[in-house]
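Peer 1: Quick one: structure below, then a few questions.
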Amino acid sequence: MGKEKVHINIVVIGHVDSGKSTTTGHLIYKCGGIDKRTIEKFEKEAQEMGKGSFKYAWVLDKLKAERERGITIDIALWKFETAKYYITIIDAPGHRDFIKNMITGTSQADCAVLVVACGTGEFEAGISKNGQTREHALLAQTLGVKQLIVACNKMDSTEPPFSEARFTEITNEVSGFIKKIGYNPKAVPFVPISGFNGDNMLEVSSNMPWFKGWAVERKEGNASGKTLLEALDSIIPPQRPTDRPLRLPLQDVYKIGGIGTVPVGRVETGIIKPGMVVTFAPQNVTTEVKSVEMHHESLPEAVPGDNVGFNVKNVSVKDIRRGSVCSDSKQDPAKEARTFHAQVIIMNHPGQISNGYTPVLDCHTAHIACKFNELKEKVDRRTGKKVEDFPKFLKSGDAGIVELIPTKPLCVESFTDYAPLGRFAVRDMRQTVAVGVIKSVEKSDGSSGKVTKSAQKAAPKKK
């Protein structure tokens, strides 16, 4: 079979009626992990319910309903295959926790597909001041999704249908606003499609003979093509950060009879392997890793993206918990954050945020209240330029630099050093009121920590 294809994660964004579900459903349906039997079952149900037109959104509705009812779905349903990649759709907005998921990084998206509806009046609604198109694109950029594809959908419902003028108008408009946010339009494929009828999705449409194809210019290499599928194949595969020091935020800590304490989490950067001496922050507990397992098989080492359980000696379940971060004691070990500075974008807060505001922050797997100790500056969210020093307050739509102080021990990192540990969501009133990216962290010196016997024993063995 040769080498396995590279795995790519994408997130599909856009206004609620842009046709995200139909477009995504179409890809999964045509290239994906849904077997014929399931599709036939869906089709039959769709017809019985009078949704006889059975288009692809139905696939997605079914999957979503099952996911929300907590039925574990075969994750293959969210995957599809292209000539070059295995692509997983990690989430599509509309899911209430979409923003939180994107930030806490259940998975980091390698590319965002922005779906815009080209129908008369529809595009304008999505892009207007309060439309979601801008907000989603801004979010993707803020959270470090560096690549973007724009799918100009519903080309079959332009006036006249499949209008080149409308496609050009929308391409120009979207180019303008993604440029302001920080994407380079020259590196973004714009593809005119119909997610419903399949035009330019997998095959070139005969309805748009005027479309000569998309072309992008990038330092990693130029690319061109005609379909959305080819645009997905032009994604630049991510460099997984194995060469960075280890950071592994814990999702859970189990006590397993006969084995002992088993922390579980996803390697974000670096590698973890048996025999390594690791430090858990913010608790500052140091111990030796006895074994590393994934899917009940022991591994010689685990790399970024792997969800692993690992066994540690002489550490009780009381010592470490969800939100703790495991790191290599010898390579820039993780430490507790005393205070940190972050750039935040206030998204939907009904009032004003001023010094002293103490909401809950969701950062990697940690969930801890932090105090907005001081609003340092207000910045223009489009240009990033400072507009005011020490503002009295920040309100919805504002961006600013703030100093935060955790109310309980917390380990975070700057976004430039360890991206997955440097993004957070601010939660209040059961919603995401702001998102942030950490600029700098003042760490505690971490002098008083617990070092287990096995760590002391393991230490001299190392060179």
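Positions of Cβ are set from backbone N, Cα and C atoms, glycine also.
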Peer 1: For the feature region 'G3' as recorded in Swiss-Prot, pick the matching range from 91-94, 347-350, 439-442.
Peer 2: 91-94
Peer 1: Among 5-9, 70-74, 225-229, where does Swiss-Prot put the label region 'G2'?
Peer 2: 70-74
Peer 1: When the Cα-Cα distance from Glu374 (5-glutamyl glycerylphosphorylethanolamine) is computed for each of the recorded positions Gly14, Asp17, Lys20, Met155, Glu301, which gives the smallest value?
Peer 2: Gly14
Peer 1: Return the count of C-beta atoms lying within 10 angstroms of the C-beta of Met155 (GTP binding site), excluding that atom itself.
Peer 2: 30
Peer 1: Cα-Cα, whole number of Å: Gly14 (GTP binding site) versus Glu301 (5-glutamyl glycerylphosphorylethanolamine)?
Peer 2: 39
Peer 1: Express the distance between the Cα positions of Met155 (GTP binding site) and Glu301 (5-glutamyl glycerylphosphorylethanolamine) as a whole number of Å.
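Peer 2: Between the Cα atoms of Met155 (GTP binding site) and Glu301 (5-glutamyl glycerylphosphorylethanolamine), the distance comes to 49 Å.
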